[in-house]
Amino acid sequence: MGDRSGSGEVNDNRYFVDGHLKNPIPDSQVHLEGSAPLQSTAATRLYKRRWLIVCLFSSYSLCNAFQWIQYGIINNIFMRFYSVDSFTIDWMSMIYMLTYIPLIFPVTWLLDTKGLRVIALVATALNCAGTWIKVASARPDLFAVTFLGQVICSAAQVFILGMPSRIASVWFGSEEVSTACSIGVFGNQLGIAIGFLVPPILVPNVEDLDELAGHIRVMFYITAGVATFLFILVIIVFQERPDIPPTQAQAAARLIPAESYSYTSSILCLLRNRPFILLIISYGLNVGCFYAVSTLLNQMIIKHYPGEEVNAGRIGLTIVIAGMVGSLICGIWLDRTKSYKQTTLAVYVMSLVGMLVYAFTLSLGHLWVVFITAGALGFFMTGYLPLGFEFAVELTYPESEGTSSGLLNCSAQVFGIIFTICQGKIIEHFGTLAGNLFLCAFLLIGTILTGFIRSDLRRQMANQLAKTAENVNGSAVSPDEPATKL
């Protein structure tokens, strides 16, 4: 007898034809090294609920991402309100990166052992708690309290950032996983976009500190209300996984016995995967540059266009909105073409070109030019995010998507901290052009590394082998011969 899927049906590719046992494709030919055999008759099904799950995830990711940049985009206002220096406010963004590094490994272990629902509950609970702590911090002498709230929200981010590819794989079909991953990343990008746009509007640069405290408190209350609503919604709605898997690859993954899984072995296996290591470095370089540009955007714009805090936020919004469009286009393109290596390399090259153009046009004195160049930069640099996630899943199948995504994001946080600190110091001493060219040099290195990544699309191969087995099994039984399934 074969193994059983979640649907309760027997999964086996053997048939009796005229009293003889036939097995057209041996199990050994229908699986990847280290994975369970892919059974050609595994039941698969797509549920409409999958769209609700990914949209709910995207929503609480948005709420958390908004808080990452809400201090940095009005850096000068918070400096004056809390009487701290610019570098201290930069740490309100960089703490998101720093917290991620030590927490990602226990969080991915928790994901692999407890599942998506537990991760979603912890993420939204921490995010909700952090926002309410910030509500109590809207006083000039309570910077330590607002920093504590930001630390808790940054811990919530660890339970969010690497989940899009896992949700896409667990809930979506093979022809829509990249689109679903893009929707998951879309929420994070939209949150950053709102974080660029809304704080300069809600918290104007007024002189009276009591009035300023009132504006800050309103922003914190709105964020806390949204976070609380999403926490309640996750408790009620969020489901661990569908009863019947969406793809043959997921069906095979479910057949791997839980006791045979070792988190440490999974990490070591990934670290021996040379194409994935190259992707980890190149992804970290690209996303780290995006983090640095986002964190320091207010300082760069104010340096050349004094008093333009609101437009600095709008430029940040332009970067992220353009990136959201790029993400969705790239996701749809990947689902149709499966050209992971070519698309990733092309987008990386254009990110480098966009960064160079932005660097040389920032100081021209025309804000409309900055809007255009920043939008082009965002389209490719932010559009790269889901490409990296999905390429990683392809290179590392059947390892956990949460683990591969976690390692990618860990690299991005490390490079993000390094780039933000270094670029900030370079801008302070040598100007914005030198700071942006510093990032361009590392984007060039990332482009070269991407060119050396071997395109080993394991997940696609697994699905293709399963389809081939199913087709051969179907043709092996003649319509005139009664087939009895074991």
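Cβ atoms here come from the backbone N, Cα and C positions, even for glycine.
For 51-71, 91-111, 118-136, 142-165, 177-198, 218-238, 276-294, 314-333, 345-361, 367-387, 407-427, 433-453, the entry in TrEMBL reads transmembrane segment. Residues or ranges marked as domain 'Major facilitator superfamily (MFS) profile' by TrEMBL: 53-458.
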Predicted model, mean pLDDT over the domain 'Major facilitator superfamily (MFS) profile' (53-458): 87
Selected stretch (most C-beta pairs under 8 A with the transmembrane segment (177-198)) from 51-71, 142-165, 218-238, 314-333, 367-387: 51-71
Segment proximity, the transmembrane segment (118-136) to the transmembrane segment (367-387), 3 or more C-beta pairs under 8 Å: no
Contact set, same chain, for the transmembrane segment (276-294): CB under 8 Å, 6 or more residues outside the stretch: 69, 72, 93, 97, 192, 196, 270, 316, 319, 348, 351, 355, 377, 381-382, 384-385, 388, 391-392, 395-396, 404, 407-409, 411-416, 418-420, 423, 436, 439, 442-443, 445-447, 449-450, 452-453
Contact set, same chain, for the transmembrane segment (314-333): CB under 8 Å, 6 or more residues outside the stretch: 69, 73, 178-183, 185-186, 189-190, 192-197, 293-294, 297, 301, 339, 343, 347, 367, 370-371, 374-387, 390
Top Cβ-contact partner of the transmembrane segment (91-111) among 51-71, 218-238, 407-427 (pairs under 8 Å): 407-427
Whether the transmembrane segment (218-238) meets the transmembrane segment (433-453): three or more C-beta pairs under 8 angstroms: no
Same-chain residue ranges lying at least 6 outside the transmembrane segment (345-361) that approach it to Cβ under 8 Å: 282, 286, 289, 326, 330, 369-370, 373-374, 376-381, 383-384, 387, 432-433, 436-437, 439-440, 443-444, 446-447, 450-451
